[in-house]
Amino acid sequence: MKSLGRHIIAEFYDCNKEILDNVEAIEKSMKEAAYETGATLVNSSFHRFLPYGVSGVVVISESHLTIHTWPEYGYAAVDLFTCGDDVDPWKAFSYLKKILKSQRVHVVEHLRGKYDEIGIPENSPHKMEV
């Protein structure tokens, strides 16, 4: 089924706690994850909370990647939303699983903007005239 985008919602468990609490490492990893997908990076913003935890977003031309960490639990919540046929969010997922040293994951993929539900013909390209 064709769609405008794919949204991967990932729960990373039993991660490296030091990495999860390092804002520089998380930002670098999220940017690298974006590049792994083949996306074009637009901007990013990351914040370290006190006493611990990091939240951040990488905005890409094709949508966004976000992360929220709870180092005290070894847990990270990650959203990987990409649009178009030229990027693969699963590459970002695999990269982050390795970098965060996650021992266990729960992940679902949700198709966003399904062609049949919007009324777009299956053979239409992603980019059309407005």
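Residue numbering: from 1, along the chain as shown.
Cβ atoms here come from the backbone N, Cα and C positions, even for glycine.
Per Swiss-Prot, these features apply:
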ACT_SITE  S63  active site, schiff-base intermediate with substrate
ACT_SITE  H68  active site, proton acceptor
ACT_SITE  C83  active site, proton donor
MOD_RES   S63  pyruvic acid (Ser)
Whole-number Å distance separating the Cα atoms of the residue listed as 'active site, schiff-base intermediate with substrate' and C83 (active site, proton donor) is 6
The rounded CA-CA distance in Å from the residue listed as 'active site, proton acceptor' to C83 (active site, proton donor) is 22
CB neighbours within 10 A of the residue listed as 'active site, proton acceptor', counting all protein chains shown, number 17
